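Colleague: The domain 'PTS EIIB type-1' feature in TrEMBL is assigned to 11-93. According to TrEMBL, the active site, phosphocysteine intermediate annotation covers CYS33. Positions annotated as domain 'PTS EIIC type-1' by TrEMBL: 114-501. TrEMBL lists 123-143, 191-207, 238-257, 278-301, 321-343, 355-375, 423-448, 468-489 with the feature transmembrane segment.
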Amino acid sequence: MKHAKINSHFYDECKKVREAVGGIKNIELINRCSTRIRIKVIDITKLNLNKLEGSKIFVKTLLKDDFVQLIVNENIDEVFLNLLKSLKISYEEIPNDFEVRVNKEGNFFKVVTDGISVIVKPLIPLLITMAIVATLSNVFNGIDFGSGTLSETGQFAKAVGEMFDILQQALNLAFSIMIPWSIFKLMKGSQAIGISIGIVLCFHGLISTNDIMSGEYGDIFKWFGDASFLESGYPWKISYVGQILPIVAMSFIAVYIERFANKFDIPVFKEMVAIPMITISTFFIGILLVGPLGLLLTYGMNEGVVWATTDNVAKYIFNPILGLALPWLVITGLIQVLVVINLQQFTTFGGTTMMPMFTQLNIAVATSILAVTIINRHNKELKRTAIPSYSLAYVSGSTEPALFGVGLKFVYPVIAASIGATVGIIITTFAGVICTNGNASLLVFLSITTKPEILDKFNIHTIAGGPYLWMAIAIVATFITTFFATIGLSKIKVFKEMNAKVLERDFSVN
């Protein structure tokens, strides 16, 4: 979508769509797959689909229940972008490319998760780069090939490994710095101030949470006396690197400080006092108030999740429950909370307990859509949407096209994915598999870590056979369980009827 362009011809055609469906106030939501744009309308009596006759980009228009379906043969990303523009919807401000809610308010948690998605959206290229670099760093420095890691085979390999390690740390820093920029961009603030705030809050002269949590500066909760890392005893010297939620909070505080500063109309005062005070006041609020509180929040989240996912008893309760919920968390957007936790774990500990679970989720979703495609193998329209979506999920770990384009419409594939992912997660939990940041797909083997210093932070010891064997077993188990669960559920009467209805409604050409 980010490469799609505004096209005047497409835009003119999309304005006709707006008029044909009764205007923007008559639209509840818009979703799309690889061949269709579906518009759910509030009142079908306001439709006038005759306005779309003779369209050169919408080869066919269908009305199924309260959905207007526009079949597009090519350039669907470009057409969708132009449709959003014609409806006065900013692409940068939508959390999900595959389902856009127009006139329906979400609950508090939906608003929060959508907000996280919108903030992270401009940073996706950076996140992809972080994942690839972390994977390459792990290939050189973390994977034992029998005679040691690649970086131990010679001076050149060691130098390359060190370069990737430095690059990985630099990208972790860049991510923390760019969060204020993204928020200032979203809130129409000064992006330069956003970047400067990110830099001052992550300045290398401040002490990282990793060093504090390691005990290098004393007990995290003992801020006064000899154990303190400051003579004053007050922990004001805390870096925001890796503290995602605290830096998000400080960014919003800074935005509103800027808005207050912009109210001053005296030119000299505004330029010489008000504008500099945005960064200065944000810095002091950040290090004196939000920093210490944010440290406790980050510490609590990391320790809580690590305990829940690695404790000898808790992990067999928490991880399977999370496995059952994961596909639904993607659909509701609540997965963004776990993405934040995953990033904080990685920047703090150098590894994550979330990545093995995300991998089982993505394999399960891809397999469920593969099974649906086989069940309905004679439906060419379904195959046009399903094959690219499950292929993408297997290779890249991106499940939104599969879930929103196919799975959620049939429902039973999502249930099957929940079951299959849970089976795989139980196996990786039992085996003690830990990953670095990377690609939660079939490429996850490049992200598995065997570094003792990382495993010790999680108090995990992989069982006999090693993490690579057990990850492979988990993936196979996830595939088999999900595939047959999808087949089995499709034979239940209620899902069989739903299957036929969805095919007729969403994947027919008549």
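We count from 1, first residue shown onward.
For all residues, glycine too, the Cβ spot is worked out from N, Cα and C.
Keep in mind that what you see is a predicted model, and the values were worked out from it rather than measured.
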Colleague: Quick one: give me the count of other CB atoms within 10 A of the CB of the residue listed as 'active site, phosphocysteine intermediate'.
Modeller: 24
Colleague: Taking a Cβ cut-off under 8 Å, which residues six or more beyond the ends of the transmembrane segment (278-301) line up next to it in the same chain?
Modeller: 193, 196-197, 200-201, 206, 209, 212-213, 220, 223, 234-238, 240, 242-243, 245-247, 249-250, 253-254, 257-258, 261, 341, 344, 348
Colleague: Could you break down the residues of the domain 'PTS EIIB type-1' (11-93) into DSSP helix, strand and coil, giving a count for each?
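Modeller: Counting residues by DSSP class gives 34 helix, 25 strand, 24 coil.
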Colleague: Do at least three CB pairs under 8 A connect the transmembrane segment (355-375) and the transmembrane segment (321-343), leaving out pairs fewer than 6 apart in sequence?
Modeller: yes
Colleague: Residue list, the transmembrane segment (355-375) vs rest of chain: Cβ under 8 Å, 6 or more residues beyond ends.
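Modeller: Beyond its ends, the transmembrane segment (355-375) has Cβ neighbours at 319, 322-323, 326-327, 330, 338, 342, 382-383, 386-387, 389-391, 393-394, 397-399, 402-403, 406-407, 410, 413-414, 416-421, 424-425, 428, 433-438, 440-442, 444, 447, 471, 474-475, 478-479, 481-483, 485-487, 490, 499.
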Colleague: Could you pull out which residues elsewhere in the chain have a CB under 8 Å from any CB of the transmembrane segment (191-207), counting only those six or more residues past its ends?
Modeller: 173, 176-185, 217, 229, 237-241, 247, 250-251, 254, 258, 275, 278-279, 282-283, 286-287
